[in-house]
Amino acid sequence: MKSSVCVLLKVLACILLPGGLNAQKESNDDIQHYTADDCQVTPVIHVLQYPGCVPKPIPSFACIGRCASYIQVSGSKIWQMERSCMCCQESGEREASVSLFCPKAKNGEKKFKKVSTKAPLECMCRPCTGIEDANVIPQELAAFADDGSLAGYFQKSQFKAAE
């Protein structure tokens with residue numbers, strides 16, 4: 001179950017946080033936010049495939065987890081938003097060579113094919129790819145009403161938590 005955790009900044013902002021109640025609260029003078037970083041190297045079974053060869057399951061590793069992200073109104077330019085998008089990614093990788101049995105090899109070709117595979121060495125929360133400004137809808141187009149007060153700039157979320 002995903003839950004939304006809303007916090008009061010100098011202005012109101014809402015952060016979708018998949019960590020729910022397991023999130024840890026951090027704060028400084030200007031902002032309160034929640035982190036739920038849990039990015040780890042996890043053992044998996046990876047099936048290596050190559051045309052004409054028998055698929056071979058091998059033990060491997062993957063980066064699995066979640067990282068804290070947020071969006072908030074800029075402290076210096078209230079008409080702009082500040083974003084921090086963090087993703088669970090590899091930091092270093094290992095490489096291995098594995099032999100696959102290829103029973104359908106043509107005459108003159110080897111029955112075993114050596115293939116290379118990679119796996120993460122370590123995992124950490126790192127910045128995701130950036131959001132292009134062209135994909136951000138201005139507040140005026142997103143139906144935010146300007147009634148002269150700060151409260152008029154914010155509407156209740158249209159999103160419902162998944163159950």
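Using the three backbone atoms N, Cα and C, a Cβ is placed for every residue, glycine included.
Over all protein chains present, the Cβ of Cys88 (disulfide bond) has 21 other Cβ atoms lying within 10 Å. Annotation note: Cys88 (disulfide bond) sits in a strand segment as assigned by DSSP. Under the heading disulfide bond, Swiss-Prot lists Cys39-Cys88 (among others), citing sequence analysis as support.
For Cys53 (disulfide bond), the count of additional Cβ atoms within 10 Å of its Cβ stands at 19 [all protein chains shown]. According to DSSP, Cys53 (disulfide bond) sits in a coil region rather than a helix or strand. Taken from Swiss-Prot, the feature disulfide bond applies to Cys53-Cys102 (among others), supported by sequence analysis.
The disulfide bond feature in Swiss-Prot is assigned to Cys63-Cys123 (among others). There are 21 other Cβ atoms within 10 Å of the Cβ belonging to Cys123 (disulfide bond).
In the three-state DSSP classification, Cys125 (disulfide bond) falls within a strand. Less than 8 angstroms from the CB of Cys125 (disulfide bond) sit Asp37, Cys39, Cys67, Ala68, Met86, Cys87, Cys88, Gln89, each of them six or more residues away in the same chain. Summarising the annotation, Swiss-Prot assigns disulfide bond to Cys67-Cys125 (among others).
Of all the Cβ atoms in the protein chains shown, 14 others lie within 10 Å of the Cβ of Cys85 (disulfide bond). Here Swiss-Prot flags Cys85-Cys128 (among others) as disulfide bond, drawing on sequence analysis.
Swiss-Prot lists 39-129 with the feature domain 'CTCK'.
The signal peptide annotation in Swiss-Prot covers 1-23, and the record cites sequence analysis as its basis.
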Neighbour count (Cβ, 10 Å) for Cys63 (disulfide bond): 20
Chain-internal residues near Cys128 (disulfide bond), provided their CB is under 8 angstroms and they sit 6+ positions away: Ser69, Cys85, Met86, Cys87
Rounded to the nearest Å - Cα separation of Cys102 (disulfide bond) and Cys123 (disulfide bond): 34
Separation of alpha carbons, Cys63 (disulfide bond) and Cys53 (disulfide bond) (Å): 28
